[in-house]
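Undergrad: Heads up, here are the entries from TrEMBL:
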type	residues	note
ACT_SITE	A:ASP11	active site, nucleophile
ACT_SITE	A:ASP13	active site, proton donor
2 protein chains.
Amino acid sequence: MGETRKRIAIDMDEVMADTLGKMLECYNRDYSDTLTIEHLHGKKLRHVAKCGGEVSKYFDDPLFLRDLKVLPDSREVIRELQGRYEIFIASAAMEVPASFAAKYEWLKEHFDFIPSTHIVFCGDKSIINADYLIDDHAYQFERFRGQGILYTACHNVEETRYPRVNNWREVAEMFLK
Amino acid sequence: MGETRKRIAIDMDEVMADTLGKMLECYNRDYSDTLTIEHLHGKKLRHVAKCGGEVSKYFDDPLFLRDLKVLPDSREVIRELQGRYEIFIASAAMEVPASFAAKYEWLKEHFDFIPSTHIVFCGDKSIINADYLIDDHAYQFERFRGQGILYTACHNVEETRYPRVNNWREVAEMFLK
């Protein structure tokens, strides 16, 4: 059965987990700023933050990723997808080695129906053998062997090379109709 | 360039790292036993250990994997392979989530020429998109899309379905001649 079902690999940050929401919250608190998602259209937080690239320091805290909010409908839709596809979670966790444990625990808490065998922490996602990859980073699609599906995030709104989904309802529309 | 070179994925435990050696050392010390590699021909340690499956408790120590010995010639041969192939390290780390950090640090210490982008912690290795997978677990080859190369370990000596290498000199022979 696993051999015949198509395979979908799904990114975590900004696709399943509201990483940016927590970044904004921490940044606004620490720098007395009032940035919102709307300020980030087409940009990354580090391009508009008072502290520039230093915002990435939040990732140094091993617990930063532990209490991220689950993005709307992701749990329900992924569970439904699992009925028809083989689902793998593929996170570029190697960028932030301190985050391995927190990422794994977050998945176990919120997506306990994904078996550990189907969780992948990697860097370059061209190593992923799947038919589809749902990700907010278009550069991950360039060498990916399957079809990249761009999940909308502030930083990728100008990208036009790939099919796009704006939310999990649209993922359901694309894969479950 | 990355697109044209063939890709080799390499397992860590029992292929790059002497996990069994350390297991035996700890087990013999704690159970006053004198087991050697020779006692394990065709078997797993848990099948001959006085404590049975409990030997796997050593993996619960997050530091157990941190000071494993590097298997002979693996560093030199992998470095050479990197000149001709795209090399990924693919470890079934999801079986022992407590080990993520130790595994990553071990790789950074002993194989610092492998970029983080090319390290993968996974479970089911059929998710690996590579031409070859060098691994001591034959079950990982069953759904793998490329060619599995079995790296000899005590537990797999009876396995005959896949090309076999007994050490890293034989890997060099296979891939670098």
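Cβ from N, Cα, C; glycine included.
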Undergrad: Including all protein chains displayed, how many Cβ atoms other than that of A:ASP11 (active site, nucleophile) lie within 10 Å of its Cβ?
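TA: 20, counting other Cβ atoms within 10 Å of A:ASP11 (active site, nucleophile).
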Undergrad: Far apart in sequence but close in space: which same-chain residues, 6 or more away, have a Cβ under 8 Å from the residue listed as 'active site, proton donor'?
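TA: Expected: A:THR19, A:LEU65, A:SER91, A:ALA92, A:ASP136.
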Undergrad: Going by DSSP, give the three-state secondary structure for the residue listed as 'active site, proton donor'.
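TA: In the DSSP reduction, the residue listed as 'active site, proton donor' maps to strand.
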